[in-house]
Amino acid sequence: MSWVRFTKTGVAVVATSAAAVLALDMTNERRFQRQVKDHFRTVHADRLAELNKRAPSALPTRKDILTNLSKGEEFDVLIIGGGATGAGVALDAQTRGLKTALVELDDFSSGTSSRSTKLIHGGVRYLQAAIMKLDLEQYRMVKEALFERHNLLEIAPHLSSPLPIMLPIYKLWQVPYYWSGIKAYDFVSGKRVLKNSFFINKSQALERFPMLRNESLKGALIYYDGQHNDARMNLAIILTAIRHGAACANHVRVEKLNKDETGKVIGAHVRDMVTGGEWDIKAKAVINATGPFTDSIRLMGDPETARPICAPSSGVHITLPGYYSPSNTGLLDPDTSDGRVIFFLPWERMTIAGTTDAPSDVTLSPQPTDHDIEFILQEIRGYLSKDVSVRRGDVMSAWSGLRPLVRDPNKKDTKSLARNHIIEVGKSGLITIAGGKWTTYRHMAEETVDRVVEVHGLKTENGCVTPGLLLEGAHDWNSLQYIHLVQDYGMEVDVAQHLSNTYGDRAFVVARMCKMTGKRWPIVGQRLHPEFPYLDAEVRYAVREYACTAIDVIARRMRLAFLNTYAAHEVLPDVVRVMGQELGWSSAEQRAQLEKARTFIDMEMGQNAKQTAVSNVALNLTKEEMQRAKERFQQLDKDRKGHITVNDLRKHFREHNQKIDERVLHELLNEVDLNKNGEIEIAEFFQLYSGLKGGQLTGNRLVGYLDEIHGTPSVNRACGGI
């Protein structure tokens with residue numbers, strides 16, 4: 001049911017229902033809190049204290065881990081899949097005293113786990129469904145998510161933090177409706193509430209979020225959820241498991257599952273995608289934690305499986321410049337044109353928006369489409385002030401992630417599929433964990449290991465100790481740590497903050513790897529890109545964090561591919577060069593890595609979608625319009641080469657006393673360069689103006705700059721463009 005269809009009468013019914021449900025739960029909630037506190041502070045207190053001691057030694061190398069995996073010794077547990085769920089299972093199993101192995105086809109967090117909305121949801125959307133549909137399962141999911149959110153913020157404070165999210169209200173009847181729902185969320189949160197929600201009036205809302213549309217605005221509700229760096233969080237779980245003794249390797253593919261004479265799975269035959277080496281891994285239990293690829297592994301274990309249990313759904317997000325949102329407040333649009341929700345959030349000094357939700361095929365390389373991107377932009381335009389021009393050219397990156405939703409055969413649309421999980425035991429003994437969401441990865445892992453121990457009769461040293469178990473970088477971290485990096489190493493403040501919030505207490509290890517700048521300030525820290533705080537030393541450290549490809553670095557160790565595809569392209573040569581030094585790559589391998597990374601950025605990070613928006617436009621210019629566009633082209637191509645380079649743009653702007661940042665110059669060229677050859681040809685110029693005239697494009701920065709300089713009407717204005 002759409003949010004806007006509720007009436008004032010419905011509000012009263014909802015509030016009454018919510019009060020009844022929550023009143024009945026009050027006693028159980030308090031009892032549950034006491035049980036959790038008593039259990040994990042007494043039963044496993046000694047074990048947890050031992051495990052939470054910071055390991056001073058370096059991580060084992062990938063070569064050491066592969067040697068351990070290929071020795072032929074039997075593991076208690078072999079996990080297939082290195083996303084959030086697989087990583088959580090590895091950490092849980094290893095800290096119970098089980099000998100644990102994990103293999104991942106690509107990189108840790110290369111799939112869905114790095115392509116989320118970056119929120120640690122307490123489940124506010126599920127609470128609405130629980131109340132409106134009297135759905136007890138959804139309500140339990142909310143309670144589970146609230147506990148897990150609290151735990152995640154505690155065990156990795158350097159990678160996560162509370163984020164206030166604004167819910168703007170444009171109709172008076174929505175005030176009590178949303179207020180009662182958000183207050184119910186606070187109530188269910190109990191002691192785990194991050195901060196109490198509150199209502200602010202129109203002027204306060206605009207002061208907090210100045211770019212918000214002010215027409216008919218009545219006020220806004222502010223509630224709190226968690227936010228994190230998803231790929232780094234995933235990696236922190238993996239690194240913690242490795243430090244406790246687990247053997248976890250990325251870029252290792254399962255070729256087949258090995259079985260005994262009775263058909264029971266007893267391990268897997270694997271292949272190292274880096275070296276090509278193959279071997280068998282023996283295991284008493286094998287766990288399938290492959291997210292959207294769940295069914296392919298299930299079919300290896302039990303070919304007679306009747307039908308799939310996973311229904312993948314594609315969710316697209318986009319990245320916009322940081323000025324699109326305040327640095328400390330997100331926005332929730334609870335009622336988009338298709339009945340879903342859109343989040344608009346500050347993240348890593350940029351702004352991310354999403355998401356879409358549509359059934360999808362399973363693929364290793366999901367790609368955002370221009371249709372998805374335009375849908376998100378259109379929804380954003382509806383909530384932002386008319387003074388804010390939401391431009392297609394401002395989309396710095398876009399990505400698609402496949403949600404591993406559990407299939408319900410009685411429902412066709414993915415909107416109704418809950419993000420809960422199931423644990424299946426196949427006839428072959430293969431354990432499959434499917435579904436779920438980022439926030440509840442730990443609980444899913446706990447239930448999975450419980451089931452594995454039960455089914456396979458494994459002996460553990462202790463029960464689950466992952467609530468309260470600190471992750472890599474959290475042990476000695478505090479929010480003022482970056483000051484020590486500035487004072488002790490002579491780093492720029494934004495660089496020090498980035499290192500502290502990315503590596504936690506391991507930031508000092510990265511700092512010691514930095515080279516001198518040769519300047520008075522900063523003393524150390526060579527930036528890879530002038531607009532971002534990433535350092536060349538981080539590339540070297542990334543190799544120690546098991547980065548094997550340039551994509552591993554730019555997408556997951558550093559998040560530059562998710563933040564700005566142009567900048568990612570620009571730093572790639574330096575990233576490949578440093579990795580080549582660390583890993584001994586030949587010139588041919590470096591060229592191959594560069595090409596693969598460029599393809600990844602273009603295909604999976606939205607660069608091609610932007611080009612498609614222009615390249616699919618048919619030429620529709622009159623003779624006069626083509627002549628006008630040609631004259632504008634020749635103003636830039638003064639030596640009549642037949643194409644425009646970034647040097648031509650630079651010279652033109654300098655001649656007209658326009659100071660344009662070097663990064664922006666490259667972006668202006670890339671937005672029009674359909675052929676991706678570093679040049680703008682006359683045909684591409686005509687294509688651009690045709691798109692502006694036909695309305696397929698809502699604006700172009702290069703055309704806008706040229707109009708400002710020359711003052712003559714362009715096709716953008718004279719030919720009916722939006």
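Using N, Cα and C of the backbone, Cβ positions are placed for all residues, glycine too.
Here Swiss-Prot flags 1-43 as transit peptide.
Swiss-Prot lists 76-104 with the feature FAD binding site. DSSP assigns ALA84 (FAD binding site) to a helix. Spatially close to ALA84 (FAD binding site) yet at least six residues away along the chain are SER109, SER113, ASP230, MET233, ASN234, ILE237, TRP438, TYR441, judged by Cβ distances under 8 angstroms.
In the predicted model, the domain 'EF-hand 1' (624-659) shows an average pLDDT of 88. Positions annotated as domain 'EF-hand 1' by Swiss-Prot: 624-659.
Taken from Swiss-Prot, the feature domain 'EF-hand 2' applies to 660-695, supported by sequence analysis.
The Cβ of GLU684 (Ca(2+) binding site) has 20 other Cβ atoms within 10 Å, all protein chains considered. Annotated Ca(2+) binding site per Swiss-Prot: ASP673, ASN675, ASN677, GLU679, GLU684, in sequence order, evidence recorded as sequence analysis.
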**Fill in**
Between the binding-site residues ASP92, GLU104, ASP673, the one whose Cβ has the fewest other Cβ atoms within 10 Å is ASP673
**Prompt:** If you draw a 10 Å sphere on the Cβ of ASN675 (Ca(2+) binding site), how many other Cβ atoms land inside?
**Reply:** 13
**Message:** Can you tell me whether DSSP puts ASN677 (Ca(2+) binding site) in helix, strand or coil?
**Reply:** coil
**Message:** Can you give me the Cα-Cα distance between ASP92 (FAD binding site) and ASN675 (Ca(2+) binding site) in Å, rounded to a whole number?
**Reply:** 49
**Complete:** Among ASP76, ARG96, THR100, i.e. the binding-site residues, the one with its Cα nearest that of ASP673 (Ca(2+) binding site) is THR100
